[in-house]
Amino acid sequence: MSDLTLVLLGAGNSSRFGLDVKKQWLWCGNEPLWLYVTNRFTDMFPFHDVVITAHPKEIPFYKKFCHHTIVKGADTRQQSLLNALEMVKTPYVLVSDIARPCIQKEVVQKIIDNRSKAACIVPYIQPADTVVYKNETIDRNEVKLIQTPQLSSTDILRKALTQGKEFTDESSAIQALGEKVFYILGNRKQHKLTYKEDMKLLNCLQKPSATKRIGNGLDVHAFCEDRKLYLCGIEIPYDKGLAGHSDADVAIHALIDALLGAAGFGDIGELFPDSDETYKDIDSKKLLCETVRLLRACGFVIEHVDLTIVAQNPKIGPFKEKMKESLHDLLQIPYHLINLKATTTEHLGFVGRNEGIAAMATATLHYFDWSEI
């Protein structure tokens with residue numbers, strides 16, 4: 001059994017990236033970048049375990065893609081790594097950033113082969129440009145540009161990261177502890193993705209698949225007294241409202257389920273559970289806006305939505321255009337890509353008895369095409 005665990009750091013907010021989509025959720029073929037990098041590593045070496053850090057809200061989504069250990073990331077890279085190290089049981093750990101996807105097998109193998117030589121094995125490259133420090137030109141042959149992955153003694157790394165200082169990588173933390181670091185030559189292809197312009201350097205990545213992803217949503221709410229009726233985010237004049245934990249906007253709820261279904265991200269109850277008082281009586285427009293923000297951050301583009309409201313009463317026709325305008329504002333997609341229909345059940349069933357309203361939705365998504373940047 002291997003004595004080495006792989007830790008991949010992917011909990012960042014991509015604040016410097018300059019796009020709505022997070023770096024770890026750029027799609028390569030039909031895989032998000034974090035999964036592509038994970039599979040690239042696991043194809044190279046039989047790790048004892050793989051631990052991936054993720055933003056807390058995204059952990060349920062990561063778990064739908066793989067069976068690796070997913071842990072909660074933190075505000076800093078260092079704290080995220082400490083969280084991951086709590087799950088590491090092996091004497092050695094290989095740490096890398098998901099934002100450095102073009103990992104070269106020969107570099108990884110060289111790192112692993114040299115693991116007994118120091119507390120940390122570090123790949124580096126030398127700068128090709130002139131280097132100036134404080135207005136003084138220095139010998140660039142004495143300068144090392146540090147890369148990941150880096151292999152460390154697990155116990156020493158844990159100790160190094162708890163010195164009360166913030167470090168930008170494992171090697172600097174271990175050096176500050178007075179432990180030995182061993183450098184090996186890395187590879188210039190192992191670029192780190194920080195800014196959107198860096199995408200042009202990552203020629204190892206396959207462009208996103210042209211796959212269309214389609215999801216369906218269905219929701220039902222019963223009528224109740226003493227509540228206002230909301231559909232598609234607008235108030236509908238009626239003598240009853242709908243019962244529910246939130247404002248019970250049945251149309252928006254069906255649409256959220258369709259969007260999440262297309263992304264493969266579960267359903268509205270997983271994302272906004274009714275056991276959470278945060279969502280008590282909440283305006284469903286806020287839930288839809290958060291869903292749209294999340295889908296964009298995870299690399300999806302909303303291509304089209306189709307929504308059917310099933311109600312005996314009130315009559316929906318007079319409000320359809322206003323509803324479409326509301327959805328246009330919430331989804332932030334062109335007006336003509338939103339289709340809204342209304343029907344009755346001809347007095348059949350609970351809808352026909354005027355006991356409640358149902359809604360059905362279909363959503364089509366595609367992947368954000370970063371190759372066109």
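Positions of Cβ are set from backbone N, Cα and C atoms, glycine also.
Annotated region '2-C-methyl-D-erythritol 4-phosphate cytidylyltransferase' per Swiss-Prot: 1-213, in sequence order, evidence recorded as sequence analysis.
Secondary structure from DSSP puts ARG16 (site 'Transition state stabilizer') in coil. Cβ contacts within 10 Å of ARG16 (site 'Transition state stabilizer'), excluding its own Cβ and spanning all protein chains shown: 10. Here Swiss-Prot flags ARG16 (among others) as site 'Transition state stabilizer', drawing on sequence analysis.
Using a 10 Å radius centred on the Cβ of LYS23 (site 'Transition state stabilizer') and all shown protein chains, the other Cβ atoms total 27. According to Swiss-Prot, the site 'Transition state stabilizer' annotation covers LYS23 (among others).
Feature annotation from Swiss-Prot assigns site 'Positions MEP for the nucleophilic attack' to ARG140 (among others). ARG140 (site 'Positions MEP for the nucleophilic attack') falls within a helix when secondary structure is assigned with DSSP.
There are 17 other CB atoms within 10 A of the CB of LYS192 (site 'Positions MEP for the nucleophilic attack'), with all protein chains counted. The site 'Positions MEP for the nucleophilic attack' annotation in Swiss-Prot covers LYS192 (among others).
Annotation comment: Swiss-Prot describes 213-373 as region '2-C-methyl-D-erythritol 2,4-cyclodiphosphate synthase', evidence class sequence analysis. Confidence for the region '2-C-methyl-D-erythritol 2,4-cyclodiphosphate synthase' (213-373), expressed as mean pLDDT, is 97.
A strand conformation is recorded for ASP219 (4-CDP-2-C-methyl-D-erythritol 2-phosphate binding site) in the three-state DSSP classification. Take the CB of ASP219 (4-CDP-2-C-methyl-D-erythritol 2-phosphate binding site) and look out to 10 A: across all protein chains shown you find 24 other CB atoms. Taken from Swiss-Prot, the feature 4-CDP-2-C-methyl-D-erythritol 2-phosphate binding site applies to 219-221, 245-246, 267-269, 272-276, 343-346, PHE350, ARG353.
For ASP219, HIS221, HIS253, the entry in Swiss-Prot reads divalent metal cation binding site. Every protein chain shown contributes to the tally, and the Cβ of HIS221 (divalent metal cation binding site) ends up with 20 other Cβ atoms within 10 Å.
Its Cβ taken as reference, HIS245 (4-CDP-2-C-methyl-D-erythritol 2-phosphate binding site) is surrounded by 16 other Cβ atoms within 10 Å in the chains shown. The site 'Transition state stabilizer' annotation in Swiss-Prot covers HIS245 (among others).
Feature annotation from Swiss-Prot assigns site 'Transition state stabilizer' to THR344 (among others). According to its DSSP assignment, THR344 (site 'Transition state stabilizer') is coil. A C-beta separation below 8 Å, combined with a sequence spacing of at least six in one chain, links THR344 (site 'Transition state stabilizer') to VAL310, ALA311, GLN312, VAL351, GLY352.
A separation of roughly 12 Å, to the nearest angstrom, links the Cα atoms of LYS192 (site 'Positions MEP for the nucleophilic attack') and ARG16 (site 'Transition state stabilizer'). The distance from the Cα of PRO273 (4-CDP-2-C-methyl-D-erythritol 2-phosphate binding site) to the Cα of HIS253 (divalent metal cation binding site) comes to 12 Å. Residues VAL220, LEU242, GLY244, ALA248, ASP249, VAL250, ALA251, ILE252, ALA254, ILE357, ALA358, ALA359 surround the recorded divalent metal cation site, their Cβ atoms falling within 8 Å of the Cβ centroid of ASP219, HIS221, HIS253, which are themselves excluded. In sequence order, GLY217, ASP219, HIS221, SER246, ILE268, SER284, LEU287, ALA359 constitute the residues six or more apart from HIS253 (divalent metal cation binding site) in its chain with CB-CB distances below 8 Å.
Counting in whole angstrom, ARG353 (4-CDP-2-C-methyl-D-erythritol 2-phosphate binding site) lies 81 from ARG140 (site 'Positions MEP for the nucleophilic attack') by their C-alpha atoms.
In the three-state DSSP assignment, the secondary structure recorded for ILE268 (4-CDP-2-C-methyl-D-erythritol 2-phosphate binding site) is helix. When the recorded positions ARG140, ARG353 are compared by the number of other CB atoms within 10 angstroms of each CB, ARG353 has the fewest.
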